[in-house]
Amino acid sequence: MGLFNVTHPAFFLLTGIPGLESSHSWLAGPLCVMYAVALGGNTVILQAVRVEPSLHEPMYYLLSMLSFSDVAMSMATLPTVLRTFCLNARNIAFDACLIQMFFIHSFSMMESGILLAMSFDRYVAICDPLHYATVLTNRVIAGMSIAVTARSFITLFPLPFLIKRLPICRSNILSHSYCLHPDMMKLACADITINSIYGLFVLISTFGMDLFFIFLSYMLILRSVMSIASHEERLKALNTCVSHILAVLAFYVPMIGVSTVHRFGKHVPRYIHVLMSNVYLFVPPVLNPLIYSAKTKEIRRAIVRMFRRVRMSL
């Protein structure tokens, strides 16, 4: 069957939360607050890293990359989520849905790669501190950024074409207020084996490997920390990793949950699928700026100085 000789709906219908359709207008308020925190908090961190010379270090450059991916992820989902919940405008054009799907999955993979790069930063800082400045140079950080971005876009470039080759004729109603690959391929009335295999390959070869190397880096960090004689110095070294560990948990725990439910939870209630997907996409961009602002005193001080300068200039 040719790529352009298949049946596609002109548009898809998005879904909010099944069973709570009458409460969508009430849920719009908390969603707007979450988007405001995600966009505002991550933008503040980006600006703080940009203007504060004390934050011009590898750790904070990587944090700014994480904040950028969170802003991008929020912007990818915001239009359709707010239209669905605030205006009850559920339709999205087929091609627009493909574009949104591509960017949601790409920015998600980008965040995974950034978290891996941040774990490498923590490994070098704790296990080889004398060579930290020579290992993690600006050129290396720029190379990491380019590699993470390129991996995301190149790996996921086939996804829209894999969906477009499928005839969509079972329904045009999606299960979420945004477009995801597993959700779209289930509407096809054709064999989706290629889509499933490629999706599983991407999941294991990128997210799975990233998580494995993050875990490995922390095993090496823990071994190095336990060799420190001073109990106080051990705690000090581990404390520099707390923010990153919390960010990793905030990202991977919901991701593992939603991936497991999508692949093996065929009899799980539909609202559980939707709820877990929403947690996976909405929670990390909200939590990350709060975690780093609360746990990293350098970030906190830089933000305070930045706002003081803004207030003095008014």
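The backbone N, Cα and C atoms fix where each Cβ goes, glycine too.
The feature transmembrane segment is assigned by TrEMBL to 26-48 (among others). Long-range contacts of the transmembrane segment (26-48) within its own chain (CB-CB distance under 8 A, at least 6 residues past either end) are made by residues 16-17, 20, 55, 63-64, 67-68, 70-71, 74-75, 78, 81-82, 85-86, 282, 285-286, 288-290, 292-293, 299, 302-303, 306.
If you look up TrEMBL, you'll see 41-292 marked as domain 'G-protein coupled receptors family 1 profile'.
The annotation transmembrane segment is assigned in TrEMBL to 60-82 (among others). Counting same-chain residues at least six beyond the ends of the transmembrane segment (60-82), those with a Cβ under 8 angstroms from any Cβ of the stretch are 14, 28, 31-32, 35, 38-39, 42-43, 45-46, 49-50, 92, 100, 103-104, 107-108, 110-111, 114-115, 117-118, 121, 138, 141, 144-145, 148, 177-179, 247, 281-282, 284-285, 288-289, 292, 298-299.
For the transmembrane segment (94-120), the list of distant contacts is 8-12, 59, 62-63, 65-66, 69-70, 72-73, 76-77, 80, 144, 147-149, 151-153, 155-157, 159-160, 163-164, 168, 174, 178-181, 184, 202, 206-207, 210-211, 213-214, 217-218, 244, 247-248, 251-252, 255, 281, 284: same-chain residues at least six beyond its ends, Cβ to Cβ under 8 Å. Per TrEMBL, the feature transmembrane segment maps to 94-120 (among others).
Among the features that TrEMBL reports, transmembrane segment is placed at 140-163 (among others).
Positions annotated as transmembrane segment by TrEMBL: 211-229 (among others).
Summarising the annotation, TrEMBL assigns transmembrane segment to 241-259 (among others).
Look at TrEMBL and you will find 271-291 (among others) tagged as transmembrane segment.
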Go through the chain and flag residues at least 6 beyond the ends of the transmembrane segment (140-163) whose CB is under 8 A from any CB in it; none is fine as an answer.
3, 58, 61-62, 65, 98-99, 101-102, 105-107, 109-110, 113-114, 117, 181, 184-185, 194-195, 198, 202, 205-206
